[in-house]
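The annotation transmembrane segment is assigned in TrEMBL to 17-37, 49-72, 92-116, 122-139, 151-172, 192-214. Marked as domain 'Cytochrome c assembly protein' by TrEMBL: 28-176.
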Amino acid sequence: MTFEVPLQAPRPSTLRALGWAASGCGLAALLIAVSVAPPDSVQGEAARLIYVHVPAAWTAYLGYLTVVVSSVQYLRIRDEKWDRYARAAGEIGVAMTALTIAVGSVWGRAVWGVWWAWDPRLVSTLLLLLAYAGYLAVRHVGDVRRRGLRAAWWGICASLIIPVVHFSVVWWRSLHQPATLLAPSSNPPIDSIMAAALALSVVAFTTASVWLLLRRQSALRSGFRYADEPSMSTP
């Protein structure tokens, strides 16, 4: 016998609360980041990009973790709602990874003098983006009855790149700075006001990603089958 917690459509009040929370935290983070937080002593004003770069990367990680958990559930019980959550989370993860790379390139141009460097962190992040772009693409090729299964396995296997991305600055010589908020030392290399703005920004991005996940899953719920998938009745 299989026991599962039913995933119902989100209530409008829940979506509104998430939207207001994300907006409030985002506005507070913006005000502190622009008006209160000082520029970095080494990187100058370019360091303010961290308030977008780090939360985007964090949200991408959460998106891919959701892909893995939902994919495992889909493989276990074959319920399409888990495939919908995996698909929605994969879309969010790809968008946030692309934003991470784009903002990182702007920062690199300002600090390193180049838009791109073949740095372990940058290369591994690009590979992660390509892997999950492939995850979304595989949903539109081949036998329509097996797309969800193939995508689930792809999403799980692609997650093996995530530890490589995270620990690349430890395992190899990297131009990229180490962890900021999650630094192993008791004194993270960041001003306390900057840390507060960054934490608020992380909360804002996280809350917004949950809002997007629920909205996207709801949109997929009514018309989940692929455009070229034939209508099939369940026996």
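Backbone N, Cα and C atoms are what each Cβ position is placed from, and that goes for glycine too.
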Relative to the transmembrane segment (92-116), the stretch among 17-37, 122-139, 151-172, 192-214 with the most Cβ pairs under 8 Å is 122-139
For the domain 'Cytochrome c assembly protein' (28-176), what does DSSP give as the number of helix, strand and coil residues? 121 helix, 2 strand, 26 coil
With contact taken as 3 or more Cβ pairs under 8 angstroms (pairs 6 or more apart in sequence), are the transmembrane segment (151-172) and the transmembrane segment (122-139) in contact? yes
Apart from its near flanks, which chain residues at least 6 from the ends of the transmembrane segment (192-214) lie with a Cβ under 8 angstroms of it? 10, 14-15, 18-19, 21-23, 25-26, 28-29, 32-33, 36-38, 40, 47, 50-52, 54-56, 58-59, 62-63, 66, 85, 88-89, 92, 96, 180-181
Restricting to the same chain and to residues at least six past its boundaries, which positions have a Cβ under 8 Å from a Cβ of the transmembrane segment (122-139)? 57, 60, 64, 67, 87, 90-91, 93-94, 97-98, 100-101, 104, 116, 147-148, 150-151, 154-155, 158, 161-162, 164-165, 168, 176, 226
Please compute the mean pLDDT of the model over the domain 'Cytochrome c assembly protein' (28-176). 89
